Every structure is written in structure tokens, then in C-alpha cells.
Amino acid sequence: MKDLLKFLKQQSKTEEFNGIKIGLASPDLIRSWSFGEVKKPETINYRTFKPEREGLFCARIFGPVKDYECLCGKYKRLKHRGVICEKCGVEVTQTKVRRERMGHIDLASPVAHIWFLKSLPSRIGLMLDMTLRDIERVLYFESFVVIEPGMTTLERGQMLTEETYLDALEEYGDEFEAKMGAEAVLELLRAINLEEQIEQMREELPSINSETRRKKVTKRLKLMEAFFTSGNKPEWMILKVLPVLPPDLRPLVPLDGGRFATSDLNDLYRRVINRNNRLKRLLDLAAPDIIVRNEKRMLQESVDALLDNGRRGRAITGSNKRPLKSLADMIKGKQGRFRQNLLGKRVDYSGRSVITVGPTLRLHQCGLPKKMALELFKPFIYGKLEGRGLATTIKAAKKMVEREQAEVWDVLDEVIREHPVMLNRAPTLHRLGIQAFEPVLIEGKAIQLHPLVCAAYNADFDGDQMAVHVPLTLEAQLEARALMMSTNNILSPANGEPVITPSQDVVLGLYYTSRERINGRGEGMVFADVSEVEKAYATGVAEIHARVKVRITETSIDADGEKTKATRIVDTTIGRALLSLILPEGLSYDLVNQNMGKKQISKLLNTCYRQLGLKDTVIFADQLMYTGFRFATISGASVGIDDMVIPDEKYTLVADAEAEVLEIQEQFQSGLVTAGERYNKVIDIWASANEKVSKAMMENLSVETVINRDGVEEKQASFNSIYMMADSGARGSAAQIRQLAGMRGLMAKPDGSIIETPITANFREGLNVLQYFISTHGARKGLADTALKTANSGYLTRRLVDVAQDLVVIEDDCGAEHGLTMKPLIEGGDVVEPLRERVLGRVVAIDVIKPGSEEILAPRNTLLDEAWCDILEEHSVDEVIVRSVITCETDFGVCAACYGRDLARGHIINHGEAIGVVAAQSIGEPGTQLTMRTFHIGGAASRASAENNVQVKNAGSLKLHNAKHVSNIDGKLVIVSRSSELAIIDELGREKERYKVPYGTVLEKLEDSEVTAGEIIANWDPHTHPIISEVAGSVKFVDMIDGVTMTRQTDELTGLSSVVVLDVGARTSAGKELRPAIRLVGADGNDLMIPGTDVPAQYFLPGNAIVAKDDNAKINVGDALARIPQESSKTRDITGGLPRVADLFEARKPKEPAILAEISGTISFGKETKGKRRLVITPADGSEHYEEMIPKWRNLNVFEGEKVERGEVIADGPEAAHDILRLRGIHNVANYIVNEVQDVYRLQGVKINDKHIEVIIRQMLRKCLITSAGDTEFLEGEQAEVARVKIANRELIAQGKTPATFERELLGITKASLATESFISAASFQETTRVLTEAAVGGKSDQLRGLKENVIVGRLIPAGTGYAYHKKRNALRATEDAKKAAAKIAPAVTTASEAEQNLADLLNLAGGEE
């Protein structure tokens, strides 16, 4: 009995561990793992199927093939446990030891481990400071390497070819030692004294000047230090003993017909053993050197293939010509150990079936077929049957269930009651793809799904399948109910809006109910209350659309939950009054007293959730759905061909457009317009014709004229089915109706360009063959795109999840004093996103001051909810500094205050919430809705870009932002600064619009003056860039020599002459060094100064500048001295959609990025080279100036002598995120990425909260470059984790030492994932080999902080409910550590009683650990 107990205990023994360390295995360690040496390549005996002795499957080394039975059969059964059979030498034990016992092979000659050799950068190469080619030549026996130079002129590590070796031998004899093969490399590695080398390199580092050499030394130093601190020895990178995988992990399975299926590893091992044995034999026979050498090389190659096939040379192939799967292939890739088995497991207690509609279900229910339920809940049913005494044994219970006896169904009903099940639909793109429901048993074989959750699952009923999972334990059921129940997931985690909104039929039904019809039966009746209305409708006295008066009683609930009732008479319709029956008390009747479209219903649900909470909303949503279905049925809205009414004006509009096109065609033929202009104009004509037709059609469809009861004509919204469907948002859109009843319009080619002949027909008239062909042309690309899009979007989501997976909320408040500045987002003058949308649910970082006073409106650390946002709007606050995860100071994780509101729950976020994964899902999930294409700007778009004025849309007053200006002779302002902005402020001080205005803009209004809507307030010439005079005086030409640096041109039409400066390249050699300029002099002939400075007013002229003034001409302030023609900017393709989002998150550099000023100072141009200009920026304080070479073809925005600020744009182009971070700081780069990503999603109408993008940006910014190391362990120029550096700095500051300084670095998401602290997480993401090699060499240990690592080692994740478990474990660990520390310094035991007590403690401790 005691044995049995001991045996059972031994089974459940699990090691408690807090981290996983990876390192190099020494030969002794490998031998200690091994249970014996594998000496023969044989596997099993083909006749007896018994494993061969000392072979790859040997039972003596690896354990018995059958449980508790030795190979020869002498000992069987449990009583002989642990006996080793004297005949066959097999230990009698469980057969599962064959999964864990390893063997080994003693190699006759050392072999280099290919990962440390070939995985770049080559660790062996770095260690020995030799090139990879040289090492390979040594290893594969092509040349010798000197190991011990002795007293000769040779050096250690020098390469010798066969000839030079022989020459050296003749010259020096055996003074020196040179070898080839892995032995040589082994000896070189052994000879390295790490400590000495490290000291030496640390000393020489500061004195190294060349950048490349410094980098190389730093790399080598880091590698050596990694080896030194981790206790790995360099020579362990060369294998002397090869471990053999346990046989059950590389199985050999007999198939019928006497053939075998085997794992590729067996072939690879056999190869190694064969060659190793042959090499041993050759060495015993003392064979000639060349043969031994060849055999050693082959051994090296076979070990390479076993470890990583195909890494070097050609992959070894099996009998069927496919490369064999090596050990490395086993762990990497989608089918490897990490992604196939550790991160994605299959689960039991699950089933799947097709889904159908369950319109009668409540929101928290799902219909489960009886057959499935019976199968899934079997264990519970057995338990209940036995507990009830209906079955005596489990076997009897099984029989009952198989026969499906009547009692079984009763028991099933009970078991299933309040036992939630989880439904999942693949692809699970966000957390709403798995939700819990209470099952309701149904007949049939399809799962019934509640229609309102379809949106979250993205499910429809055209054959979709779903999987059911049963949570077994009580805890799992609790979590499913409390966290995953569909009723708890009403708001979307991506944007905080209801995800449970009615769509399609339900919307149509509610819309139909709430419409009004003039002259409806029962119009003008007056009702005392809603129940009378119900009576009137039921008896048919009044129809549903009739306009009536009803007395309504409303309940309003104030903040304290006090209810007050109020009664009023409302003009409404029968249908709306009926809707008020299901309206929960506390909501205003006005919410349903309108046409209920999809938007209105969504708003209604949102209001309900915010005012009344979860429970009421859920009940209300269900009621809305039932009502909607009911009235959709009653309405009988359907689509017939007569509903598509074609407007009569269509034909005249099309004829007009055709006439215009003909006219342009004639102009083109007579040479008045170019081909490009003709194309653009034709497309514009057709586009506007299409607009007109669709407008006429919608007017025709949407309104009908009827005679009301006073006999007067009145217009009312039409009851046309197609119009109702589109107007309510149930199905279709104006664009689709246009194709049905208007004209199809212009079509695109697969490359995105527009075909200039439109399709004038619509679907009701039908298309002819040519029109049909044109339609298919662009449509096919759409289908191909969709397939690619899904894959790309999935990959983006995977990268996002991987970079953000370990970000969890771990504390309440980190105390960060700063945050991001939030302003309303304004583009091209329109407010795209008001301030309230951007700050709702976030925490204030710096007190919000009431505008125009000193009073604090919202104190720091206020969570801005809807009420606060209303207050901010009342006081017209136009910027708020809010806390953000980007500026959060928490070390490993973030704090709740910096994150703000949990969007899916509506209150501040809880501890342990996995915000990283939620953010990744929220960004990735709509990825499939984004487009895949690059937009080519054609037609209207490219011409709009050359705008030349600002026309305001709102009345208000004018404000200028960072603008310098001068007044010209007419008293108008002329802008003389770059990147100036002009804003319109309303009377409350709120910013309504904002525009960028270029240098040289003339303003029609002064600052702070009033403007009216539609007024043009600024003008500029888009095609030339002026040089504006800032003083009045006379023009003096400098270095302007006719025919050398300039030419005179006379305009043929006007006869005016102007001076054109020659480009440097076009000048003669005499003019190359001259710098043409215009100087301004006063009446006395002295230089004038620029106002406020002592800099003379002298303007250098670049090449091609056109000077309109002559020498000595008079000039006024604000006049243009010269104009530089701008080549119209090349139409750049705009990358849109998914590729753009991926580029932003990968932080890729654009092709021709904008050039930004690296420092603030004055611009000048240095000596030019062949294709480049030298730009010099000299700072005002006289410190070091900055030089940059810029290609000539780049269009510069700056001139000689101009002042620029750091980070200002010098040459236009797309800005690179890295530059923005370096020159303008974290806040700007965050703003840039957030806005750019949001632009893409906004185009598709997808709403995502900014927080999610910020979370990803935080992860992209978590590394930094050390600029000076201070007293820390870091090296200068090393990349380190920001949190690590901050922790180290805090400790140093506490000790009064110098902290390290660092520069934040922006990494793309792939790079950032691979650079995480956790090697397990990185290895399971991408580039497994590289990650593991690096980790092993550094002896890294993984602290299992993130989610992925914990899933892989089979623990609860440190998020959600697992967060508490991990917290508890950490607390226990801390107390254990404290105990250990205390035990070390405990005094010696003095009395017997104390000794006894200690012993008792120890025993208790030991007992507690079991």
C-alpha cells in the first residue's frame, strides 16, 4: 500500500519554476541526460518488430515497449516494478518513459554546431574574429589553421592552404601546430581567455575612432560578456557528444503490408551513426589522412543536416526527393512545435454544426440540438443518473444514454439548465468571436443563433458553421457567465459603441412602424393613453401610419435614481405610440418619435445603456428585435421591377453630356487641348452627368405628392420599397439604387484608371454586350483582391498581437505628469473628429483651465465621461492634455489612469485587462474591410491639389499660427514664414477650421478680424514660389552678369522683358562660383537691414528664378522681388488601405522622404558636387554647424539666409516616422501615426478609438539607444529596453551615481516583436532559429511575463482572472525568498527545544510542499 501511495505521489510531482533559462549544453551535461549510448543504426527487427539492441529504438536505453514488461518477457506486471531484467537489460516500468529518456552518440571527431556557425551573425566567427568563409574552409577540410605558432613568424588563427602548410612544415618542422576540421576550431575556442579579452576590449573601446571598427568591437564585446556572465564556454559551440531524441518523439509505425512509416529524424540519425562508426573504424585502422578527412567532413555534413537541413549546401532528401525534416524544422513555422502544438491546441467537449436563425430566442440563449447536447454533456448526465440511483454503475448509465431512454432527456434538461456553453465562429478576429450562451434544447441538427449577435460574429445564415465548447469546471462556468455571456458584450471593445444593433429586416420593420402617412385611416384621432392606441390598431380603426395625438406618460430618472413622472400630449403616429410600449422607463419618448433608421436605433440603444445600464438595454434590444420582425412581416416590403423608377430627365442629361464630349473631342482634334486634358475633362463631364441623373432619380423616388384632408397638395416621403430599404439603412444605398434606376456610370480598369466611356444604361434597362464586358473588366480584380486581402489582414493582426501581447494593466496610477495634447481633428477646413470624441473616456493629465480665466474646469486625474464632455463643450475648451499609454511610467505594463475607460464596459479599466491584445484585435479585425489598392490620382483629384486660395466655410474671426508677416502697400498682410496655419475661431473661441498657407500668401483680412462664410480670405500663386521683400528700398543686383549668371527673356505677347537666373549647371566656368543675389539699398546707397536684426537685406537667387524688377528699381515692403517656378508636383501614388496601415506600423521609410532640418539655425549652401547640393545649417549660438548633401532634383522650400527651426520641412515629401521622433519628439510621432492610421480607417467608415493605436505605438517605442552609459552596465550605442534603463537609472540616482542617457527608438512591429525580452515569445513568432541561437549564447532566462510564454509552458495567462493567480504566486515567491534570506543569517541553535521547534517547522514545510 505504502508503495502504491509513493508511486501515486511520484506521478503528480511537478517542478515549481519561475523562469526558463536556455543555454549551451556541455558534453558532460549531454551525457548526464543520456540513458546509454546508441551505437548501431538499426531500428527494429523487421520480423519480430522488437527494437534492436543498442540501436535507435533500443529498449535497454530508452525503456520498455509495453507497460511494466521487459523485452524478453521474463518480468511482467506491477510487482516487478523497477527490476532490471538480467537477460535483456530492460527496466520494468511504464512505457511512457520512452518519451522522456534520451540517448547519446559519442562522436569520433568533434563537429561544429551549424546554428552557431551559419546563423547570422556567425557566433563562432565573431568569437574567433575570423570570417565565416575562413571558418567554413577549415571545418570542411579545405585549409589549415594555425593553432600554436610557437617560435615561428606565423600567427594564431592564420589560414594556410595545403601548399603553404607543406612549405611551412619544411621551413619550421614541428615548431608550430596547424590543424583542420572542427578539432582546430575547438582548440582555438578553448584557447580564448574571456576575462582577459573583455578587459582588453573595454579598455580599447573609447580610443577607437573608425565607426565600423567600433561597431565590430562592441558586437564582439557583447558576445564575450554574454558568454562570460551566462557561464557558457565558447568550446561548447562544438559538439563532441550528440544527444539522441527519445524514440516516441520520432516514431516508427508499421503500416499494413509490411511497410513502415517513419519520422525523417530516424533517417538523419542513421546517417550520423553510420558515418560515425565508419570514422571510428578508419581511425582504428590508421587509414590514410585523405580518407579520414573525407569521412570527418561527411560526418560534419550529416550532423548539420540533422540539426538544420538545408542551412548549408543542398538539403539531404529522402527516397521521394523531398528534403528531410530536421530538428530545426520541427520547431519552426506554422506547422512547427510552437505554433501547431503549444499555441494552438485542440480541445475536447466540443462540436460543430451549421447555424440557423433563432428569432424567438432571448439575447443570452442559443438553440442546441438535442443530439449534440447529449454527446457534449455525457459525463454530467452519467453523474446525475448515478446520483439519482437511476443507474447503478457508470456502465449502466452509458447503456441508458445509448438507448436514449426517456429519463435521460429529463436529466439532460436539468444538467443543461444554467450551464453556459461557448459558441465560436472562425475566423475569430476579435474577442467577440467567442461568446457564451445558455443552451435551449431544440429538435433538428442545426444550432440556432440569436440574430443580434450576428454582427459580432460576422455570421450569416448561408451555410456558416459554428463550434460549441463546454466549460467543464465551476470556475470556467463562472467566467463564461460573468465575462463572456453575450449580454455582457453589448459594447464593442474597438470603439465603445453598441455592437448589438438591429440590422436589415429588424431595421426595416421599425422604420416602417415609425413612418407617417398623410391621410392615413384614423388620422386626427386623439387618445387618452397608449393602451387605447393599441386597441384602435388591433381593431383596425386606425392604421399604423396615421398621424394622431396621444397622451404620453414619461418617467425621468435623475442622478440619485429618483423617479419623476410627467404627462404631455404629443403629435405622433400610431406606430410610434406602439413602440413606446417597449421603451424602458426612464427614456424620453422623443427618442422614438422620429423616423427610426439604423443610426437612430443605434443611438437609442447607446443612450439606453448610458442612462439605464446593462439589464434594461438587453431586455430592450430583444423587444426591439421581436417588434421589428413582427412589423417587417406586416409591412410586406419587397422589391419588384416597378419599384425602380427611371427619371424622365435621364435621357436629356445623357444627351447633353454626349454633346459636350463631342465638342471636347473636336477641340482635341484641332489641337486646342492636350490628350491628358481631354481625358480629364471627359471624365469630369460624365461624373457630373452621373451625379445629376442620380439626384433626379433620388428626388423622383424619395418624395411623392399627395392631397391631404384639407384638399391641399403636400409632399411626403415615399413608401417605395427600395427607397425605404435604403433610407432606413436596412439594405442597399443610394449608390446601388443609382445603378438600378439611374445609370451605372464610369468603370475602372484593373490598374485603377478610369475608362472614359461610361455605362449609360442601368440594370433595369439592361446592359448590352459591350457594357457588360466593360463591367466585368474591373470587377474581376475586385474578387482577386478579396482573397489576398484576407491573408494580408490576418498577417497584420498576427504581428500586432505579437508585439502587444504582454501589455497588461498592472497598477492604478503611475503618477505620470504629462500626456498627449488632444485637439479636434481638422482637415481641409472641416472638423473631422470633434474634441469630445477624442477625449471621451480618458483621464485629464493637466488641469483644464476655463478659457479666458484662471479657474480650473476639470482637475487633473478626472475621468472624462459623457457629462464632463458636455461641460467641456459648453465652455468651448479646444484642447485638453490627457493621459496616454505612450507616456505611462509603469515599467512592465501600464496603469489604469493612463488608459482610461474600458470601452467595452464603460467604466475605468480593471487590473489585469489585456489591453495589448484588445488593441491588436480592434485594429486587425476591420482589416478585411480595408482596400488593398494604391490610388492613382487622376482626373479631378490631381487638379484639386493645386489650390490657390482659402475660402472659409464658417463665419468667425481669423487667427494665425506661427506666422511671420509684413504689410504691403495696400495694407494687406503677406506671409513670410513657412508652415504657417490660418484658423477660423467662432464667437466661443472654438476652432472651426484650419488651413495651411504657403510662403507668399496675400491675406485679404487682418488678424482677429471678422470673416463671413464663403468669403475668400487668402490667395497665392500655386505655380511659382515668390521671394518677398521685407524692407522698402531700391534693388541692387549682385553677381548678376548678363550671359554668365543670367539671361534676358522677352515675352512675345506682351513685349515685357524679364531676367532669368541661369542654373549652376548651365553656367560657364566663370559663373560657377558666383552667387547671384538682390541687395536692397536705401536712398543713401547704404545696405538696408532686415527689421529687428543687423543682417543686411540680401536675397540669394536660386537657378531658374525670374526677376521682374530691373537694377535700381524702387520696391515696397511685401513686393515680390523674384519668382521661382515650381515644377507642378509629380502626381504621387497614394498608398491606401491595408498596405498603408502595415507600412505605418512597420515604420517603413518612404521612398523619397521629406527632408527635415536636423538643428535650428540659418540656411546656406556650400560647395556643390556633381549631382548634389550641400546644405549647411549654422545655429545662432555659434555651435557646430550641420551639413547634408541633397540631390539636385529635390525641390527645396528654403533659400539662402533663411532661418529654420529643428524638425521643419526643407524638402517636401512623405515624412518618415523615425525622423519625426528624432527631431520633434515622442508626442509628434504618436500624433502622426495615430492620425495617419485613422485616416485609412475613416475612409472605410470604420471607427477605432485612438487608444488602441497608442498602445501599439507604445510597444514600438519600448527600445532605446544608449547615448552615454554613465555608471550603468550598458554599452554606448547599445539597444536596450526603456524599462530596464529606467530601473537602472533610478537605482543609480538613489546611490548618487551618474545615470545613463538614452534616445528613444522607433521599431516596426515585426522588429519590436523579435526584440522582446522574452525569447520564447520571439521564437514562437518568426525567425525561430536566429532567436534561439542568440538566446542560448547569452544564456538568457525568460521570466514568463507575457501571455504567450505562459500559454506555451501551460500556465494561466497573467491577465484577466489569471492575473490574480500570478499575483498570488509572486507574493508567495517573495515570502519564500525572504525566508531563505532569513534562514541564512539565523543564529546557531542553542537549546534543545529550539532545535525541536526548527525540526517541526521543517517537517511542516516539507509536508506543505507535497
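Heads up, residue numbers simply count up from 1 along the chain you see.
Glycine too: its Cβ is placed from the backbone N, Cα and C atoms.
Here is what Swiss-Prot says about this protein:
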- Cys70, Cys72, Cys85, Cys88: Zn(2+) 1 binding site (BINDING)
- Asp460, Asp462, Asp464: Mg(2+) binding site (BINDING)
- Cys814, Cys888, Cys895, Cys898: Zn(2+) 2 binding site (BINDING)
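What Swiss-Prot annotates, mapped onto the structure for a quick look.
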residue	record	Cβ within 10 Å
Cys70	Zn(2+) 1 binding site	25
Cys72	Zn(2+) 1 binding site	14
Cys88	Zn(2+) 1 binding site	17
Asp460	Mg(2+) binding site	11
Asp462	Mg(2+) binding site	6
Asp464	Mg(2+) binding site	16
Cys814	Zn(2+) 2 binding site	18
Cys888	Zn(2+) 2 binding site	26
Cys895	Zn(2+) 2 binding site	22
Cys898	Zn(2+) 2 binding site	29
Next item on the list: List the other residues in this chain whose Cβ sits within 8 Å of the Cβ centroid of the Zn(2+) 2 site residues Cys814, Cys888, Cys895, Cys898, in sequence order.
Entry: Glu811, Asp813, Gly815, Ala816, Arg883, Val885, Thr887, Glu889, Thr890, Val894, Ala896, Ala897, Tyr899
Margin query: Tell me which of the binding-site residues Cys72, Asp460, Asp462 ends up closest to Cys898 (Zn(2+) 2 binding site) in space, Cα to Cα.
Written below: Asp460
Item checked: Which same-chain residues, if any, lie at least 6 apart from Cys85 (Zn(2+) 1 binding site) yet have Cβ under 8 Å of it -> Cys70, Leu71, Cys72, Lys74, Tyr75, Glu91, Val92
Margin query: Between Cys888 (Zn(2+) 2 binding site) and Asp462 (Mg(2+) binding site), how many Å separate their Cα atoms?
Written below: 47
Item checked: Near-site residues: Zn(2+) 1, ref Cys70, Cys72, Cys85, Cys88, CB cutoff 8 A to centroid -> Leu71, Gly73, Lys74, Tyr75, Glu86, Lys87, Gly89, Val90
Note to self: Under DSSP, is Cys898 (Zn(2+) 2 binding site) part of a helix or a strand, or is it coil?
What the structure shows: helix
Notebook entry, point to check: Cα-Cα separation of Asp460 (Mg(2+) binding site) and Cys895 (Zn(2+) 2 binding site), in Å?
Noted result: 39
Check: Inside 8 A of the center formed by the CB atoms of Asp460, Asp462, Asp464, which other residues of the chain have their CB, for the recorded Mg(2+) site?
Finding: Ile355, Ala459, Phe461, Gly463
Margin query: Nearest by CA distance to Asp464 (Mg(2+) binding site): which of the binding-site residues is it, out of Cys88, Cys814, Cys895?
Written below: Cys895
Item checked: C-alpha spacing of Cys895 (Zn(2+) 2 binding site) relative to Asp462 (Mg(2+) binding site), in angstrom -> 44
Check: Could you state the CA-to-CA distance between Cys88 (Zn(2+) 1 binding site) and Cys895 (Zn(2+) 2 binding site) to the nearest Å?
Finding: 63
